Amino acid sequence: MLPWVEKYRPKRLKDIVGQNEAIEQIMKWIEDVRAGKKVKPLLIYGPAGTGKTTAAYAIANELGYDIVEINCADLRDKEKLNRVLGGLGSFSLIEESPRIILFDEVDALPAEGKTISSLLKEILSRGDMPVVMTANDVYEKHMYGIRNLADTVEFKKLGVRDIVKVLSKIATMEKVNLPEEAIKKIASGSDGDLRSAINDLQSLAEGSADLVNYYGKIFGQRDREADIFRVLGSVFSGKYCTRTRFLTSTLDMDQDMFMRWIEENLPIAIKDPPSLSLAYEYVSLADIFRSRIVRTGNWKLMTYINEFLTLGVCSAKSLSKSSGFVKFKFPSIIKELASTKEERAELKDVLRKIAKNTHTSSNVVRKEILPLIAALCKRNKDLMRKIARDIGVEEDQLESIIESIKI
Amino acid sequence: MFELWVEKYRPKRLKDIVGQDEVIEALTGFVEKRSMPHLLFAGPAGTGKTTTALALANEIYGSEELVSANYMELNASDERGIDTIRVKIKDFAKTKALGEVPFKIIHLDEADNLTSDAQQALRRIMEMYSSNVRFILACNYSSKIIDPIQSRCAVFRFNPLTDDAIIKRLSYIAEQEKIQIGDDGFKAIAYVAEGDLRKAINILQTAFAVAKGKISPEIVYKISGLAMPEEVNDIIRLALEGQFLEARTSVRNLMINYGISAEDLVRQLHRQILQYDGIDDVKKAEIVSYIGEIDFRLAEGGNGDIQISALLSKIASIGRGSHASVG
């Protein structure tokens with residue numbers, strides 16, 4: 001049975017969802033190819049599952065060209081690279097339909113990256129084959145050379161609304177009966193990755209995963225908790241504090257996450273304000289050291305972070321009189337940040353667009369201009385529509401942001 | 001966005017800009033000679049830096065069409081880093097200026113938000129394109145701009161506007177828009193705007209949209225305290241009463257759901273603590289000293305919610321009258 005991601009892969013550019021600006025840019029590029037102009041390679045970049053490779057195939061389809069796909073993750077050794085180079089050279093000997101070359105995942109190339117640049121230059125110098133490349137991140141250092149050679153097109157993370165739309169359509173076509181809630185859950189859990197969302201939908205529908213399991217996958221990390229609970233138990237016992245610093249070495253968790261676990265449970269384990277404040281002081285210091293390491297690259301300081309979070313917090317607890325059984329909690333802020341990620345990203349996007357239109361920054365917009373727009377629009381829906389159009393956002397997007405502002 | 005009065009009443013010509021006479025006089029000379037060096041505009045928010053840059057472009061280029069082709073605006077704090085800025089500048093700079101114009105202009109706002117490494121990169125970018133591009137950098141503090149950039153720019157200082165200058169401009173707008181507002185209303189706006197004309201105009205319009213009838217000082221204060229002083233007071237009260245978990249939940253809510261920045265929240269906590277009735281001066285002083293420390297840690301790159309929670313736990317501890325300390 002065909003995977004749904006293949007079955008429902010759009011054949012035409014206009015059927016790709018959520019990338020209107022990018023598609024417009026691509027259409028122009030295609031027109032140039034059609035007009036026989038010499039075009040730069042097209043570099044499509046963006047997060048996974050947003051339609052980059054689909055777009056490349058759709059481009060070939062629109063042009064009526066054959067596509068030669070080269071997955072750059074396979075180009076890592078010299079031998080393969082030479083084979084590909086040789087293969088490309090032979091194309092011109094055979095008369096057949098014109099070709100487009102797709103370099104998939106160019107950012108997967110080794111950091112020295114010269115190979116691809118020279119390969120590209122060779123293809124470009126012949127000027128007879130348009131080149132399309134895809135990548136997740138083009139702002140990495142080793143991408144500099146490629147980025148400079150190409151026309152870049154950004155694919156954005158898909159919004160929950162767009163993903164829900166696609167999933168619902170597929171569910172209808174496949175006659176799958178799923179509650180709307182489940183579809184929304186898949187969409188919001190996919191973090192803007194349509195491919196993974198469609199895969200999840202299919203595995204749900206085909207019974208290879210049940211709903212309970214699915215939710216478990218999102219919020220899970222259950223195998224990890226056993227360990228962290230043991231470490232927390234020792235740190236918050238307030239005893240043998242010097243020894244607690246060794247516990248984290250076997251903990252399968254990064255330091256930031258560990259800090260979040262400690263912080264979440266501080267006020268649960270330590271009740272009296274002086275000890276709590278002392279413990280918080282250590283967490284605050286750990287946090288500052290983390291930032292210092294990022295800024296200075298001085299990794300030796302890592303050991304202090306660990307000691308603040310274990311020895312420091314444990315010692316604060318040892319001063320505290322509170323005792324008794326403590327039920328530790330998962331850091332709720334992680335969940336909150338994750339569940340409001342979409343909204344916060346939307347807000348940020350709208351703030352920036354308004355900033356561009358008012359010659360200010362998103363900071364000023366958030367503090368002064370958004371409240372003003374909210375005050376103006378609450379009485380006047382026509383004005384809201386006009387402003388949404390002027391700044392280039394969806395009406396309901398602006399409306400939901402305005403409603404969240406108390407004025 | 002001409003619904004917004006800041007846009008509608010933004011002066012188009014240099015001579016219409018208020019409160020910066022010396023700066024304007026010097027810049028008018030550049031327009032006449034159609035030549036200028038890179039410029040650095042330094043001064044607080046809402047004193048006319050962006051407006052001046054726009055007006056300058058208007059007068060040099062002469063038509064809206066030429067302005068939009070030859071003038072680009074970037075905000076350093078809204079871009080993804082110096083690399084994206086570099087790409088945008090490069091794309092803009094490499095094409096020839098359109099029409100009979102002497103150079104293109106790039107206005108980079110909030111340049112003091114760039115790290116010194118990024119500023120070094122910016123310096124090289126400025127040099128690379130100086131044949132056909134002039135940069136106008138804007139910042140709040142010129143001391144945060146590295147020397148090599150300062151030395152390549154003519155530096156202009158923008159002063160905070162006086163209350164009189166602000167009220168004069170507000171009166172003009174009020175007259176045009178037929179708003180009912182008395183002297184006390186104007187004074188209240190000027191008081192909260194602290195020399196920031198953009199903020200003053202935004203408050204005037206927000207107050208007008210909210211008020212039914214005349215704009216009173218009460219409405220003005222209510223609007224300008226947008227991060228809700230009562231909520232900040234509640235947080236302080238909860239912390240002092242030892243209800244730490246509740247206080248932490250409120251803080252997270254303000255930060256995550258209302259997008260209030262940690263820096264703003266610290267500033268507000270600071271203001272409200274000073275006015276808070278329930279604690280004596282000794283404790284107040286102690287709390288303020290710790291607020292200062294947390295403000296500094298935030299500037300060093302600390303996590304907003306962790307640092308503010310640490311501050312709250314300190315307030316709770318000081319509220320009880322006894323506390324332990326690390327140092």
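Here the Cβ of each residue, glycine as well, is placed from N, Cα and C on the backbone.
Curation does not apply to TrEMBL; its annotations are automatic.
Summarised by DSSP class, the composition of the domain 'AAA+ ATPase' (B:35-162) is 58 helix, 28 strand, 42 coil. The domain 'AAA+ ATPase' annotation in TrEMBL covers B:35-162.
Over all protein chains present, the Cβ of B:Thr50 (ATP binding site) has 22 other Cβ atoms lying within 10 Å. Taken from TrEMBL, the feature ATP binding site covers B:Gly43, B:Pro44, B:Ala45, B:Gly46, B:Thr47, B:Gly48, B:Lys49, B:Thr50.
Under 8 angstroms separates the C-beta of B:Ala45, B:Thr50 from a C-beta of chain A, among the binding-site residues B:Pro44, B:Ala45, B:Gly46, B:Gly48, B:Thr50. One way to see the shell of the ATP site is to take the Cβ centroid of B:Gly43, B:Pro44, B:Ala45, B:Gly46, B:Thr47, B:Gly48, B:Lys49, B:Thr50; the remaining same-chain residues with a Cβ within 8 Å of it are B:Phe41, B:Ala138, B:Phe158, B:Asp196, B:Leu197, B:Arg198. Neighbour counts of Cβ atoms within 10 Å were compared across the binding-site residues B:Gly43, B:Pro44, B:Gly46, B:Gly48; the minimum falls on B:Pro44. There are 26 other Cβ atoms within 10 Å of the Cβ belonging to B:Thr47 (ATP binding site). Confidence annotation: the domain 'AAA+ ATPase' (B:35-162) carries a mean pLDDT of 90 in the model.
Less than 8 angstroms from the CB of B:Lys49 (ATP binding site) sit B:Phe41, B:Gly43, B:Asp109, B:Ala138, B:Phe158, each of them six or more residues away in the same chain.
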